[in-house]
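According to TrEMBL, the active site, proton acceptor annotation covers B:LYS158, B:LYS256. The Mg(2+) binding site annotation in TrEMBL covers B:ASP183, B:GLU209, B:ASP234. Under the heading domain 'Mandelate racemase/muconate lactonizing enzyme C-terminal', TrEMBL lists B:139-230.
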Number of protein chains: 2
Amino acid sequence: MKFSYEPVCLKPKHTFKIAREEVEGDKFENVIIRLEHEGVTGWGEAAPFLIYGENQATVVAALETFRPLIEKWRDPWKAEKMMAELDGALEWNFAAKAGIDAALYDIQGKIAGLPLCSMLGLDPGDTPLSTFTIGIDTPEVVRSKVREVLDCPLLKIKLGGPADLEILRVIREEAPKASIRVDANCGWTPHKALAMIEELVDYGVEFVEQPLPPSEVEGMRWLHARSPLPLMADESCERLHHIPACVGQFDSINIKLAKCGGVRHALKMIGCARAHGLQIMLGCMLESSVLITAAAHISPLVDFADLDGAVLIANDPFSGMRFESGRMALPEGPGLGVIPR
Amino acid sequence: MKFSYEPVCLKPKHTFKIAREEVEGDKFENVIIRLEHEGVTGWGEAAPFLIYGENQATVVAALETFRPLIEKWRDPWKAEKMMAELDGALEWNFAAKAGIDAALYDIQGKIAGLPLCSMLGLDPGDTPLSTFTIGIDTPEVVRSKVREVLDCPLLKIKLGGPADLEILRVIREEAPKASIRVDANCGWTPHKALAMIEELVDYGVEFVEQPLPPSEVEGMRWLHARSPLPLMADESCERLHHIPACVGQFDSINIKLAKCGGVRHALKMIGCARAHGLQIMLGCMLESSVLITAAAHISPLVDFADLDGAVLIANDPFSGMRFESGRMALPEGPGLGVIPR
């Protein structure tokens, strides 16, 4: 296979703040991946995330480590084994692996003449509604952001700052009927979290994502036994083998392709989460339409979607899944169905 | 889709005895399933099992319950949703559902021009060796059975009778180098199991399947803490949600399509078992080459295979996976690749 990639700098429409300051930023440096097999092009994307020890440079280094293996690949239908080769060549580096994984699915779908969702037996009409994310900001900026997206029935609010409740009041004033999901991004302590969650009930919040840091296992068990709202794992559940420990701490998990290593791993996580009675959200990093669309293709398998990553950026280099007032419309073309702009 | 089926009576080459007498028998009444979509035929098979409350008549009744739904199906690529419709129409009846599931994969593969293994990204060269099963019988009959299969490097021995150790001695005499896996089919008590397993070590047994009945959870935990050999769940692990409880009782699980509801459920179970560090075997009922071949297509994902069901019958109505001295050679045709004889 022919293999190339291009570092890209994705610019968010608004500065993106969450509770962990290291991911605050005004640009997101991803890598667009291109595989070519017998004239068929497969697109993928690596969305590195600092807290997993990845940035654009580590992605490039990982891809160069993978290059000699990838260039020997002759059959895109042996993808499971090929991806295992990459795992054998380099531990971790899941963003880079997720990008290759997506490109292989794109090639497979284009050869078979089928959208990825169809290859997996899924109905493109069954995508769940997606949330639209409102980042941490001053109450007045939050107010203007909410006004921009009043047609979206699901809002995800990043909390974990000093003005949390004031922000929620503003949102409820502006969007009295929207369903609100809260992401604390590890920003609370157990007692602070319980106090906050008890307040959140009054604002009609649907669930709370990652209230405590992943190391706070006992704190999460304590909180889970008391929380009046369902709790979702994000940082506590990166990959397949983290799922069993989520039982007793969380009610649901947030699966992200860049975090778990791609679609094939996400599918395994979905099966495992079902075995444990955990609900499932598909989430994203700040990503272009390439990786977002890959996730959207498997979204008919999950309960919740938080796949607004491409809508939040101003310079998306691809078209793919269209986000229409929270509804996710999959592209009709084969594979991922993404097209360079 | 057009839908038809045919009850078949599979005759084993040898009378098939295991520890539970109700499955002893000289015939196995399965149902061959045929779906047709725009001229493409998909084959499936239901292998009912008495201990799950199924027989040929319950399969036929379930298929007739499913008929009005199936005849409305228009798109084989929405299989996940279609199979969920069947679950909604009738609980349980996993043998019938596994048969429909296989027929849908067969149609998908034939439309895409790909063997099922390739559709799932698997290399047909990666199938594991399969065991060949020696049923419970007198030591002399066991001796003659072992002589028939001396080219097979993996033997699975059904134990749970009074002559267990004598049978093992006979097998070791005849096949000193074969790897032996033991299936007790719930035939022991905890103390009997520990005493037996300690003896089995001396015969070079690799692992022991289902030593106790599934209700013996505390007995299994006790045994697992003491057993010098790895233990595998069969009756204790029918479907996805049984997997978490296997941790602490077993080291591995035996997935069977007829037990879990088909390939799509088996794939979820494989993901979940990996999350728990459990090893995986793909097993079978007494089945024709239709369902055996479906299982063989996903066998590159697992550690052990026990897929000799079709070799044990004298009147296999299909050709499919070829079993060559324990090696499983997948057919090259699209879909399941099975062909009526």
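Numbers here mean position along the shown chain, with the first residue as 1.
Each Cβ is built from the backbone N, Cα and C atoms, and glycine gets one as well.
Each of the active-site residues B:LYS158, B:LYS256 was scored by the number of other CB atoms within 10 Å of its CB, and the largest score is that of B:LYS256. When secondary structure is read from DSSP and collapsed to three states, B:ASP234 (Mg(2+) binding site) falls in the coil class. Counting other Cβ atoms within 10 Å of each Cβ, the binding-site residues B:ASP183, B:GLU209, B:ASP234 show the lowest value at B:ASP234. Nearest neighbour of B:LYS158 (active site, proton acceptor) by Cα distance, taken over the recorded positions B:ASP183, B:GLU209, B:LYS256: B:ASP183. Mean predicted confidence for the domain 'Mandelate racemase/muconate lactonizing enzyme C-terminal' (B:139-230): the pLDDT average there is 93. Within 10 Å of B:LYS256 (active site, proton acceptor), judged by CA to CA distance, lie the following binding-site residues from the set B:ASP183, B:GLU209, B:ASP234: B:ASP234.
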